[in-house]
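Novice: Here's a structure for you.
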Amino acid sequence: MRTDTDKLIIAGREFNSRLMVGTGKYADFQQMVKAIEVSGAEIITVAVRRVNISDRNKESLLDHIDTKKYTLLPNTAGCYTADDAIRTCRLAREAGLSDFVKLEVLGDEKTLFPDNEELLKAAKVLIKEGFTVLPYTTDDPIVCKKLEDIGCAAVMPLGAPIGSGLGIRNPYNIRIILDTVKVPVIVDAGVGTASDAAIAMELGCHGVLMNTGIAGAKDPIAMAEAMNLAVRAGRLAYRAGRIPKKLYATASSPVEGTIE
C-alpha cells in the first residue's frame, strides 16, 4: 500500500506527516530542534506567550525554527477567557506568525480541561476574522460537531489531560467524533508513549499532536523517532484493515492434508 499519496489535508493545505509536535519543555533549543527533525513533523505548535514579539533582538525559539521548512501553528496556551484567546491570536497574526492557529481556552488550572463555552465564543470571532482555527476541546461529540458547524478547520479532542501521559482514555468517544464530523480529527494531549499514538491512528484519527510525550521522555530524541514510526504504523494499520475480534480461535494453517 502506497503511503506517499496519503496526505493530511487541513483547510486545503497538504502535509505528508500526521504527527504535530510542540516546542516546550525541552532541555535547550538544540534538543528541541533535533527532536522536531527526527519526529518528521511538518506542523510545529508554539505558544504565543513564549515568543518574544515585542523585542526581536532577544533570543527566541523562532530563531531556531526554519519557517520555510515547517508550518507554524501558534497556540493560545494559558488563556482562560475567549477575549484573552482572541487577543493572543490577533497578536500572533500582527507579528507575522500565522493565521493558522491552535485555539486553547482553558477552564481549570488543575486539569487544564477546555472551557467549551468560551472556546466556541472565541472560535466564532476568529473564524469571522479569517483565521484558520484548530480548537483543543474535550472528547465530546456534540461540542466537536458545533465547532465544525461554525467553521473550524479541524477538531482536536484530548486523549487525556495535558501532560498526563494517560493515553486514549475514551476511545469510544473518539470513534463517535470520527463518525460525527467530516473535518480532520487530531488527538491532542495525553499521549505518553508510542503505543498511545498508534492507538489513536488505528481508531481512524487523522493525526496526533503532542509535546510532553516527547520532550518529557528520558531520551526525547529517541522518543521523537518512536512517535514518528508509531503514527505511521498506526495509520498504515488503519488503512490496511484489522481482522475482526472473535472470542474463539480460528486455525491459521490449512486442515487439508492432515494425517488421519
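Cβ coordinates are placed from backbone N, Cα and C, and glycine is handled just like the others.
From Swiss-Prot, for reference:
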- LYS102: active site, schiff-base intermediate with DXP (ACT_SITE)
- GLY163, ALA189, GLY190, ASN211, THR212: 1-deoxy-D-xylulose 5-phosphate binding site (BINDING)
Novice: Any idea what the Cα distance is from GLY190 (1-deoxy-D-xylulose 5-phosphate binding site) over to LYS102 (active site, schiff-base intermediate with DXP), rounded to a whole Å?
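Specialist: Approximately 16 Å lies between the Cα of GLY190 (1-deoxy-D-xylulose 5-phosphate binding site) and that of LYS102 (active site, schiff-base intermediate with DXP).
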Novice: In the same chain, which residues outside the set GLY163, ALA189, GLY190, ASN211, THR212 have their CB within 8 A of the centroid of the CB atoms that define the 1-deoxy-D-xylulose 5-phosphate site?
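Specialist: Filtered neighbour residues, in order: ALA160, PRO161, ILE162, SER164, GLY165, VAL191, MET210, GLY213.
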Novice: Using Cβ-Cβ distances, find the residues under 8 Å from ALA189 (1-deoxy-D-xylulose 5-phosphate binding site) that belong to the same chain and are at least 6 apart in sequence, listing them in sequence order.
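Specialist: Sequence-distant Cβ neighbours: LEU112, TYR136, LEU158, GLY159, ALA160, PRO161, ILE162, GLY163, SER164, LEU209, MET210.
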Novice: Per DSSP, to which secondary structure element type does LYS102 (active site, schiff-base intermediate with DXP) belong, with helix, strand and coil as the options?
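Specialist: Reduced to three states, the DSSP call for LYS102 (active site, schiff-base intermediate with DXP) is strand.
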Novice: I'd like to know which of the binding-site residues ASN211, THR212 has the most other Cβ atoms within 10 Å of its Cβ.
Specialist: ASN211
Novice: Report the member of GLY163, GLY190 (the binding-site residues) whose C-beta atom has the most other C-beta atoms within 10 angstroms.
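Specialist: Answer by Cβ density within 10 Å: GLY190.
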Novice: Given the 1-deoxy-D-xylulose 5-phosphate binding site residues GLY163, ALA189, GLY190, ASN211, THR212 in the record, what is the largest Cα to Cα distance, rounded to whole Å?
Specialist: 9
Novice: Rounded to the nearest Å, what's the C-alpha distance separating LYS102 (active site, schiff-base intermediate with DXP) and THR212 (1-deoxy-D-xylulose 5-phosphate binding site)? Just drop the number here, would you?
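Specialist: Cα-Cα, rounded: 17 Å.
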Novice: Taking 10 A as the limit, how many CB atoms besides its own sit near the CB of the residue listed as 'active site, schiff-base intermediate with DXP'?
Specialist: 26
